[in-house]
Amino acid sequence: MEELQKLPISGHTDIYCLIGDPVAHSISPAMHNLSFKTNGIDARYVAFQVRSEHLEEAVQGMRYLGIRGWNITMPHKCRMAELCDRLEMAGEIAGAVNTVKNVDGVLTGTTTDGTGWVESARDSGHDPTGRRIVQLGAGGAGGAILVQAAIDGAKHIDVFKRVNAKSADAQRMVDQLNEKTSCEVELHDLRDLRTLHACLADADILLNTTLIGMSGTPGCLIPDDSFFHEGLAVSDIIYEPRETELLRRAKAAGCETFNGMYMLLYQGAASFRIWTGTDMPVDAVKKAVFS
C-alpha cells in the first residue's frame with residue numbers, strides 16, 4: 001500500500017473517519033483511502049479511538065469541524081443513533097447506526113451492516129431473498145442484519161437471543177418488521193435448544209451474530225452436529241479468526257460456510273456510496289486489502 005503514503009493533503013481535502021474502542025485493528029482506513037485514490041476523490045479516512053464517556057463530545061466536535069462522515073463500531077452504535085438528528089428507516093428500526101453523513105452540521109445516521117451481510121451472502125451464492133433464516137443474536141450488527149434481511153425479502157427469520165434487559169428492544173424490532181415487511185419474524189430464547197433444533201431443520205441459512213467464536217471468546221452456540229443438515233448454509237459475521245468453531249464444525253458436517261470478511265467490505269462500500277455518491281472499486285479493494 002505504498003501508493004497511499006504519497007497522497008497529498010490540502011485545505012480542500014475532505015475527512016472521513018471511524019470511531020470506536022478499539023479501532024487499531026481496523027482495515028477500514030485501507031479500504032476507503034484506496035477507494036478515494038482510485039476514484040479521484042480528494043478525501044482521507046482515519047481511525048479515532050473514542051471511549052464511551054467521551055462519545056458525545058467527540059461527535060459534537062466532528063459535527064462542527066466539518067468531518068464529512070464517519071463509521072461507528074463497537075461499542076457506540078446504539079448511542080450514536082441517539083445523537084443523530086435524523087435516522088434512515090433501517091437505523092431507526094435497528095436502534096443502531098454504523099454510518100453518519102454530516103451535511104452542514106446536520107447528522108443523518110443509518111446502518112449498512114445489514115446490507116454488508118446480505119451482499120456477502122449473495123456473493124457466496126446464498127441470497128437470503130425467499131429463504132428461511134435462523135439467526136443467533138440480535139444486538140448491534142445482528143439487529144441491523146435482521147432488519148435488512150427482512151426488508152430485502154427473507155421469507156422467515158427465527159431469532160434466538162439471551163433473555164436480558166434488552167429483550168424488550170428486540171421484541172419491538174421484531175414487531176416493527178412483522179408490521180412493515182412481508183417477512184415473518186419470531187423471537188426465541190437462546191436457551192430453548194429444542195425449538196432451535198426444530199427451526200434449523202427447516203432453515204436454509206444459520207447465521208451467528210454473537211461474539212461467541214471470536215478470538216478471546218472462543219466456543220460455539222450449537223451444542224452438537226445434529227443441528228446441521230444437508231443444504232444448510234452457515235454464516236458467521238466474525239472474521240478473526242477466519243474460521244470459527246461454528247464454521248469449522250459446520251463444514252465438517254457438509255454445510256457450505258462463509259465468514260464476516262466480505263460483510264466488512266460490502267458495508268464499507270455502502271457507506272462509501274452514501275458519502276460520495278460513487279461506487280467503491282470493490283474488485284480493487286478485494287485484491288489489495290482482502291487477499
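Heads up, the Cβ atoms here are built off N, Cα and C, so glycines get one too.
All TrEMBL annotations are machine predictions without curation.
Going by TrEMBL, these are the annotated features:
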| type | residues | note |
| --- | --- | --- |
| ACT_SITE | K77 | active site, proton acceptor |
| BINDING | S26, I27, S28, T73, N98, D113, Y239, Q267 | shikimate binding site |
| BINDING | G137, A138, G139, G140, A141, I237, G260 | NADP(+) binding site |
| DOMAIN | 18-100 | domain 'Shikimate dehydrogenase substrate binding N-terminal' |
| DOMAIN | 260-289 | domain 'SDH C-terminal' |
Within the domain 'Shikimate dehydrogenase substrate binding N-terminal' (18-100), residues counted as helix, strand or coil by DSSP: 39 helix, 18 strand, 26 coil
T73 (shikimate binding site) as reference: those binding-site residues from G137, A138, G139, I237, G260 with C-alpha within 10 Å of it: none
Whole-number mean of pLDDT values that fall within the domain 'Shikimate dehydrogenase substrate binding N-terminal' (18-100): 96
Spatially closest candidate among S28, N98, Q267, the listed binding-site residues, to A141 (NADP(+) binding site) (Cα to Cα): N98
For K77 (active site, proton acceptor), the one of I27, G140, Y239, Q267 that lies nearest, given that the binding-site residues are compared by Cα: G140
Length of the line joining the Cα atoms of S28 (shikimate binding site) and A138 (NADP(+) binding site), in Å: 24
DSSP three-state assignment for Y239 (shikimate binding site): coil
8 Å Cβ shell about S26, I27, S28, T73, N98, D113, Y239, Q267 centroid, shikimate site members excluded: L18, N71, G116, L264, G268
Between G137 (NADP(+) binding site) and Y239 (shikimate binding site), the C-alpha gap once rounded to whole angstrom: 16
Nearest-integer angstrom distance between the alpha carbons (Cα) of S26 (shikimate binding site) and I237 (NADP(+) binding site): 15
Nearest of the binding-site residues (A138, G139, G140, G260) to Q267 (shikimate binding site), judged by Cα-Cα distance: G260
Helix, strand and coil counts within the domain 'SDH C-terminal' (260-289) (DSSP): 24 helix, 0 strand, 6 coil
Largest tally of Cβ atoms lying within 10 Å of a Cβ, found at which of the binding-site residues I27, A138, I237: A138
